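Per TrEMBL, these features apply:
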| type | residues | note |
| --- | --- | --- |
| DOMAIN | B:23-193 | domain 'MacB-like periplasmic core' |
| DOMAIN | B:277-394 | domain 'ABC3 transporter permease C-terminal' |
| TRANSMEM | B:22-43 | transmembrane segment |
| TRANSMEM | B:276-297 | transmembrane segment |
| TRANSMEM | B:317-344 | transmembrane segment |
| TRANSMEM | B:364-393 | transmembrane segment |
Amino acid sequence: MSLLELSGIGRDVRLPDGSLLPVLAGVDLSVAAGEHVSIVGRSGSGKSTLLNVLGLLDSPTAGSYLLDGQPTDSLGGRRRSRLRGETFGFVFQQFNLLPRRTAEENVAAPLLYARGRDFLTRNRAARTMLDRVGLGARALSVPEKLSGGEQQRVAIARALVRGPRVVLADEPTGALDVETGAAVMALLTEVTAENGAALVTITHDLSVAALAGRRFRLDAGRLTPVAAGDALAAATSDRTDA
Amino acid sequence: MTGLLGTFSEAWGEVRVHKARVLLSLVGVFLAVLAMTTVTALGQIAAQVQQEQAEASGGRTATIGVSAYDPMTGNVPRQEWDAGVEALVTRYGLPEQAVATLAQESGLYRFPGGTQSVETRRVSPSYGPLHRIQPVEGRWFRAGDRQSLSPALVVNQDFLTLLGVTDLSTRPTVVIGGSQPVLATIVGVVAWNEGWPSTYRIDSSAGDAVTAAGGPGFGASPTLELWVPSEQADAVVAAVQTDLARLLPGAEVQAYRQDPENLEDTIAKLRLAVRAAGLVVLALGGLGVLNIGLVTVRQRIREIGVRRSFGATSARVFSAVVLESVVATALAGLAAVAMSVAIVRNLPLERWLAGGVPLVDAPGFPVSAAIEGLVAATAVGALAGLVPALIAVRVKVIDAIRF
């Protein structure tokens, strides 16, 4: 059974003139536990909307979304929030670290919403996770004192600290230079795999997409697997080989 | 449990991280609580001063003054008056401490600088407690003073100064002049600074019989004072007037309530006015907190979105924003109350408010004012945090993250 199972997902957005704009249409996607999937698409193709639907930040207007075999459309707001916190870790393009909090406080922040032992030992867990991403020495630095690469590593540690089953990364290298981006991606892939979490990466960077076991293209709201002979497949294949 | 701890932890983290903003927004609340608490405490002390000063002249609530005079001769003969009063007291079973007598006269006292006429109030020992008279040195009259050949006096500071002594360590005495002089003993000093000498004299002493100097009734019309429950005052006035008139045939009897009847109402109104002013100031302080809260919650939209991605529920976001405001204003309230206590405790309030006369029942810092200050600060924090919290809950997570 797939961990995430999307069938015929559609998402319409109402425009100011009252008309509906389909952002996603008939999206089918299944992601197994521990799997690495990438979704490539141009700006405005609906990538972020799909990620938001996957992460229970947004609700589809059509289709069904099963999380661990359970339908998500009937979830109440409270249960939805809890499930989101317990199941998903997010990595954003702009890092979205909490300003003026230390790296340790940032990494520990998701555990403020955990319960029991996880909540009480949050600072220790944050330190451990920072060590794993190589930033143990910068635990007390605030984001303003960290480089872009370091900030994204803190964000990766934060996404993984609660032991999520799925990491959703939205353009994780979008704000980094090529070299730093590659290093961050390698780290994200490695640490996610170590944790046994699935990784869904949304990107327009072909080299980032190439790291995934399965690759999809999102175009005008429609998701299609990258088939052999596809230009994207060729491009990612080249990069992978390289 | 950990959910609650987490909410507190989150709120405290916000307050800690945004110290400057929080401090800025709290200046108004701090000043408002400080003003409200201090003014309430001062109001209570002022009310106590007013009450004690009023009771010193008019007696405690409710004091009925009773006097009589003979339309033909002026004063009622002493023996008739005493008999009438005794019959009245016996009839109503009035306890000794609820009955006092007062007769005002001028006495000739021999000071080192010469003999001087001094306003003298001849009173029973129960007069002191009834009028909250508390000597600053020595003591008030006791029943045993009536057995002494030397009349006991409780004088004011001016009297003592005129006598050329500074305190009672030398057991000072003074000769009361007249046709048959008598040596009086000063047993106490009151702090009243009237600007001229005055004295209380025990209503009777063993020496009175020897010197035949007489008691109340010789120099002036005596006044009987009865301390009765407030709700019975009107009935007592009517009964005493009728009964004493019957016991003193031919005399005109007057009974009247002499304590300041409306004092309690006046003080209550004063306290109400002070509290209302404090609330207005507090409301203005709350508006300041609300204003800054509204501005900052808009600046924190991305952060709120990120926290939602961590799994923060709407209720959690709401309570964290409200609690942040409450934690901050409660701390401001605590600091304000502490400063208020320091101010009220260390200022020479009695000197300012009561002309240097120490209060008999000096009120401490009113606990109610401190509690009110803290509750008000917390309530203002909750109210001021409400609107920003509602805005925070309505933030769309997707927009917030993209913000």
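Glycine is treated like the rest: Cβ placed from N, Cα and C.
Long-range contacts of the transmembrane segment (B:276-297) within the same chain: residues 18, 21, 24-33, 35-37, 39-40, 304, 321, 325, 328-329, 376-377, 380-381, 383-385, 387-389, 391-392, each at least 6 residues beyond the stretch ends and with a Cβ under 8 Å from a Cβ of the stretch.
Each residue in the domain 'MacB-like periplasmic core' (B:23-193) has a pLDDT score, and their mean in this model is 86. Residues of the domain 'ABC3 transporter permease C-terminal' (B:277-394) grouped by DSSP class, helix first, strand second and coil last, total 98 helix, 0 strand, 20 coil.
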